[in-house]
Amino acid sequence: MAWTKYQLFLAGLMLTTGSINTLSAKWADMFSAPGCYGTQDHSFSHPFVQAVGMFLGELSCLVVFHILLCYDRRKPEPTMEPGQSFNPLLFLPPALCDMLGTSIMYIALNMTSASSFQMLRGAVIIFTGLLSVAFLGRRLQPSQWIGILITIFGLVVVGLSDFLYGHGNDSHKLSEVITGDLLIIMAQIIVSVQMVLEEKFVYKHNVHPLKAVGTEGFFGFVILSLLLIPMFYIHVGSFADNPRQVLEDALDAFCQIGHKPLIMLALLGNTVSIAFFNFAGISVTKEISATTRMVLDSLRTLVIWVVSLALGWEKFQGLQILGFIILLVGTALYNGLHKPLMDKLPCCHREQRAEEGDTPERERLIGGGKATQES
């Protein structure tokens, strides 16, 4: 089923803002500045502070929602659909998944290379696809399953390129890299649960995307901000990359920002981009599917790789070209870009029509439309 112009806009918005979000987070991690307590220059390694900033961006969506709703109600003929009323606690489980998964990924990103991080994040497609079929009753065409597998294989090839030819300027120990990789895979399982929960709740209760993102952001911002207090006193030794070796030293982060204001610019880029990224992402979940959202999220690797090469953050590896080609083929298969070619072949055209049942409703259900639930 062909995407509408609105769905294409959402996909483009998600891809662009998602790339900016990752690049700005990486930019912040590259800074070094003095901290509190008279400490010397050290790297800005504050994953939980960055996660709080991310949830602040999500929370801003709730403010924008109410502003737009008030403005629309003043019109002679309101056009904005606020969605059904719902219990905000319905979004507490996906918000907790978002908080836990994001925090783990920020920690892992400081322990392993960016290429490994990008490669292993592709594992979320497998978990999301399986959970969508098992718990949402979705049905994927064989070509979509093949597209997902090819996309994952492309991510593996890209990550394998850096593994074979070196990690550039990374100075991580092998034990840190392995721990970081395991944490990333763990986070993808959590994120896939979040995506399926969002798809189920958003479709069932017809929640406005801005309100859904803002509600999750509210829970995540409040809970994680409160958790920063005990984290300030939890000693974790060499696991933490801050002078006091605690789980998170928020005061040290603010001192570093004061000494180098460019860090604040990077954090603001992360906060603003995540607001638009999550709005586009949850809109894609509602308008298309959770699995499509994961495929688009994986495509951020292409943009991030190109920009990183242009900025000199990574070294060019020839094997990555093969990986990117595989990624494009897998995405094309999943999104049905091969169907126009098959339609030109009478035999394939008849088989395809027989498989889909020649009904628009069936095509919508299995061709990437809104996810449906079986009673």
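Numbering starts at 1 and runs along the chain as it is shown here.
Using N, Cα and C of the backbone, Cβ positions are placed for all residues, glycine too.
Curation plays no part in TrEMBL annotations; they are all automatic predictions.
Here is what TrEMBL says about this protein:
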- 47-158: domain 'EamA' (DOMAIN)
- 48-69: transmembrane segment (TRANSMEM)
- 89-108: transmembrane segment (TRANSMEM)
- 120-138: transmembrane segment (TRANSMEM)
- 145-165: transmembrane segment (TRANSMEM)
- 177-197: transmembrane segment (TRANSMEM)
- 218-236: transmembrane segment (TRANSMEM)
- 262-282: transmembrane segment (TRANSMEM)
- 294-313: transmembrane segment (TRANSMEM)
- 319-337: transmembrane segment (TRANSMEM)
- 352-375: region 'Disordered' (REGION)
- 352-365: compositional bias 'Basic and acidic residues' (COMPBIAS)
- 366-375: compositional bias 'Gly residues' (COMPBIAS)
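Scored by C-beta pairs under 8 angstroms, the transmembrane segment (120-138) has its highest count with 177-197, from the stretches 48-69, 89-108, 177-197, 218-236.
The average pLDDT the prediction assigns to the domain 'EamA' (47-158) is 81. Using a cut-off of 8 Å between Cβ atoms, the transmembrane segment (89-108) and the transmembrane segment (218-236) share at least three residue pairs, counting only pairs 6 or more apart in sequence. Of the candidate ranges 48-69, 177-197, 262-282, 294-313, 48-69 contributes the most Cβ pairs within a distance under 8 Å of the transmembrane segment (218-236). Taking Cβ pairs closer than 8 Å, the transmembrane segment (48-69) reaches residues 25, 28, 80, 82, 98-99, 102-103, 106, 208, 210-211, 213-218, 220-221, 224-225, 227-228, 231, 247-248, 250, 253, 267, 270-275, 278-279 in its own chain, all 6 or more past its ends. Long-range Cβ contacts of the transmembrane segment (177-197) within its own chain (Cβ-Cβ under 8 Å, at least 6 residues beyond either end) map to 93-94, 97-98, 100-102, 104-105, 107-113, 116-117, 120-121, 123-124, 127-128, 131-132, 135-136, 167, 285, 290, 293-294. For the domain 'EamA' (47-158), the number of residues in each DSSP class (helix H, G, I; strand E, B; coil) is 88 helix, 1 strand, 23 coil.
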